[in-house]
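The region 'Disordered' annotation in Swiss-Prot covers 1-29. The compositional bias 'Basic and acidic residues' annotation in Swiss-Prot covers 8-29. Per Swiss-Prot, the feature [4Fe-4S] cluster 1 binding site maps to Cys61, Cys66, Cys72, Ser300. As annotated by Swiss-Prot, domain 'Radical SAM core' applies to 73-289, with the evidence given as sequence analysis. Residues or ranges marked as [4Fe-4S] cluster 2 binding site by Swiss-Prot: Cys87, Cys91, Cys94.
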Amino acid sequence: MVVVVDTVSDKPIRPRHPEKAARPDALSPKKPDWIRVRAPTSRGYADTRAIVKENGLHTVCEEAGCPNIGECWDRKHATFMIMGDTCTRACAFCNVKTGMPAALDGAEPANVAEATAKLGLAHLVITSVDRDDLADGGAAHIAATIRAVRERCPSTTIEVLTPDFLRKDGALEIVVAAKPDVFNHNLETVPARYLEVRPGARYFHSIRLLQRAKEIDPTLFTKSGIMLGLGEQRSEVLQVMDDLRSADVDFLTIGQYLQPTLKHHAVMSYIPPEEFSSYESLAYAKGFLMVSSSPMTRSSHHAGADFAKLQAARAALPR
């Protein structure tokens, strides 16, 4: 018999996803050859990680287990996840910790601004956990972070990827009033899969959130994304595109769902690259100004370069 003694900490380790612990393992098919990423070992990666840690910040790159972290951090592109590392929702696809979050860190907006300056980011993406425990869903904290970055890095463009602010009246208005350049809220999947994949959310509430953001500020770029491989049908994906266009959404991202752990939703299918290309063509035909559709596409992947293309596409529209 072998006895393993933990000499590092005497504190019990809390499960990352306690609500999923009793679930049976969900087995996914083997990853195909086109799902490949390189290990994060570069100097740029190490430098980015050091800046994130010295400012006491969290990133969705780490917390959600993004497969593109090696590529992005090598270029010193990081997406900050504010309001803590613990989410009040328990989506079946997400690797972010779940539970009761800690109190907000009042120094976080300034720390995000400082890290943005140190990384030299021309385009910053800020996302967050859901904070259903807060009266405004964290909207004022998001707005404060936007303002802090504007003051510290006035030339940096800002993209926010927000929660849905369900039952948080006035929260959206607070965020939009802070004047981000891009307002992003991901639908994640088709409406028929919400009960199983995103049970705490409401599909048409999310559609309306995106529509309302553009109504409040017509100069705002709006953006949303979905994952494929969760059991959706092609016709349902096309309907999501139509729903987003009816809400005047400018930018659509489509990527392959990858299972974080065996306790998360299984991958039902791996979508081949040519089908992603087909969806991209159809989305452009439906009127999106910008579309990014590939197996490895994620909301903030190449966000800066894509924002420049988005600006150019709007500028080219007939007056």
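Glycine is no exception: its Cβ is also placed from the backbone N, Cα and C atoms.
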Inside 8 A of the center formed by the CB atoms of Cys61, Cys66, Cys72, Ser300, which other residues of the chain have their CB, for the recorded [4Fe-4S] cluster 1 site?
-> Thr59, Val60, Asn68, Ile69, Trp73, His77, Ala78, Thr79, Arg298, His301
Where the distance is taken from Cα to Cα, which of the binding-site residues Cys87, Cys91, Cys94 turns out closest to Cys66 ([4Fe-4S] cluster 1 binding site)?
-> Cys94
Same-chain shell around [4Fe-4S] cluster 2 excluding Cys87, Cys91, Cys94, C-beta within 8 angstroms of the CB centroid, reads Arg89, Ala90, Phe93, Asn95, Val96, Thr98, Val129, Asp130
When a 10 Å sphere is centred on the Cβ of Cys61 ([4Fe-4S] cluster 1 binding site), how many other Cβ atoms does it contain?
-> 27
Cα proximity to Cys61 ([4Fe-4S] cluster 1 binding site), best match among binding-site residues Cys87, Cys91, Cys94 | Cys94
Hey, which of the binding-site residues Cys66, Cys72, Cys91, Cys94 is the loneliest by Cβ count within 10 Å?
-> Cys91
In terms of DSSP three-state secondary structure, what is the assignment for Cys72 ([4Fe-4S] cluster 1 binding site)?
-> helix
Rounded to an integer, what is the Cα-Cα distance in Å between Cys94 ([4Fe-4S] cluster 2 binding site) and Cys72 ([4Fe-4S] cluster 1 binding site)?
-> 20
Rounded mean pLDDT for the residues that make up the domain 'Radical SAM core' (73-289) = 97
